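Here is what Swiss-Prot says about this protein:
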| type | residues | note |
| --- | --- | --- |
| ACT_SITE | C174 | active site, thioimidate intermediate |
| BINDING | 203-226 | NADP(+) binding site |
Amino acid sequence: MKIFDYEDIQLIPNKCIVESRSECDTTIQFGPKKFKLPVVPANMQTVMNEKLAKWFAENDYFYIMHRFDEEARIPFIKHMQNSGLFASISVGVKKAEFDFIEKLAQEKLIPEYITIDIAHGHSDSVINMIKHIKNHIPDSFVIAGNVGTPEGVRELENAGADATKVGIGPGRVCITKIKTGFGTGGWQLAALNICSKAARKPLIADGGIRTHGDIAKSIRFGASMVMIGSLFAAHEESPGETVELDGKQYKEYFGSASEFQKGEHKNVEGKKMFVEHKGSLMDTLKEMQQDLQSSISYAGGKDLKSLRTVDYVIVRNSIFNGDRD
């Protein structure tokens, strides 16, 4: 098995067939809806909130609302659907979450997307939750995760998952690999590659995205959608406290299993960091789209499919030319 990560890979260009990158189409059909970009902000408290979720839905971007305000989920679904927008929520696997799914079914509240969101998703509890959702609200598109192996993908798909999230602890604020010794940190792109060989349904690459070029690489190695945390954090519109350090503006960014999210020191697999303020989120999305259009033009195509077949080379840590500043 070839082991590599994002910074080890460079994609090889093909002959360009477009006059301008603006001809390149970055849209993706994912579940029942079509979106402008194959990216989704991480469902974390410092990345996504209700106001941003509404803006993303209004502008044809995919989002997943986090699950850390459980009581707000039903009002959120009602508000989104009453506004003519799609609802995309997260659930865990505790007993109360199974009851929550039954309550949605009783109230005939059917979110278009439900993400089962736990750190180690290749588990009986996730499989049981997939089956529970499909039994009670079969019309919801179920995303399950996270996994890091082909076996995990197969089992979740066989249980009824419509898409699977791949990535165990490669994110910037995730310390799973340090706390537990397990994870896909350092080989996330290779893990995505081997998982894609087993997948029959869409995969979401989750974690380890440091540059816009990593989005194109994720698609090359099997992702339909790319989940991004730190690159989406610390914008004007982002949740999180703004602080000034040495005359510069920063926003806090922490992991979903950190003590800052959990409010306790036990079973912590995330940390907090401060990310320099990045300005407008709309500008970042526009730049992401333009960079991805350029990627498609280098791939010799006009849409995302062209990225899936390009050749690549493994050149260890070459992408920064030895200069990480």
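Each residue, glycine too, has its Cβ placed from N, Cα and C.
Swiss-Prot feature annotations superimposed on the structure.
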residue: C174; record: active site, thioimidate intermediate; DSSP class: strand
residue: L203; record: NADP(+) binding site; DSSP class: strand
residue: I209; record: NADP(+) binding site; DSSP class: coil
residue: I215; record: NADP(+) binding site; DSSP class: helix
residue: F221; record: NADP(+) binding site; DSSP class: coil
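Packing around S218 (NADP(+) binding site) is summarised by its Cβ count: 29 other Cβ atoms lie within 10 angstroms of its Cβ, all protein chains included.
For L203 (NADP(+) binding site), the same-chain residues lying six or more positions away in sequence with a CB closer than 8 A to its CB are V153, A163, T164, K165, V166, L192, C195, S196, G222, A223, S224, M225. Taking CA atoms as the reference points, H212 (NADP(+) binding site) and C174 (active site, thioimidate intermediate) are 20 Å apart.
Every protein chain shown contributes to the tally, and the Cβ of H212 (NADP(+) binding site) ends up with 19 other Cβ atoms within 10 Å.
On a Cα basis, C174 (active site, thioimidate intermediate) lies 13 Å away from I209 (NADP(+) binding site). Within the same chain, residues at least 6 positions away in sequence whose Cβ sits under 8 Å from that of D206 (NADP(+) binding site) are A42, G145, N146, K165, V166, G167, P170, G171, M227.
Its Cβ taken as reference, I215 (NADP(+) binding site) is surrounded by 27 other Cβ atoms within 10 Å in the chains shown.
The residue listed as 'active site, thioimidate intermediate' sits 22 Å from F221 (NADP(+) binding site), taking the CA atoms of both as reference points.
Residues near F221 (NADP(+) binding site) in space but far in sequence (CB under 8 A, at least 6 apart, same chain), listed by position: L189, L192, N193, S196, A205.
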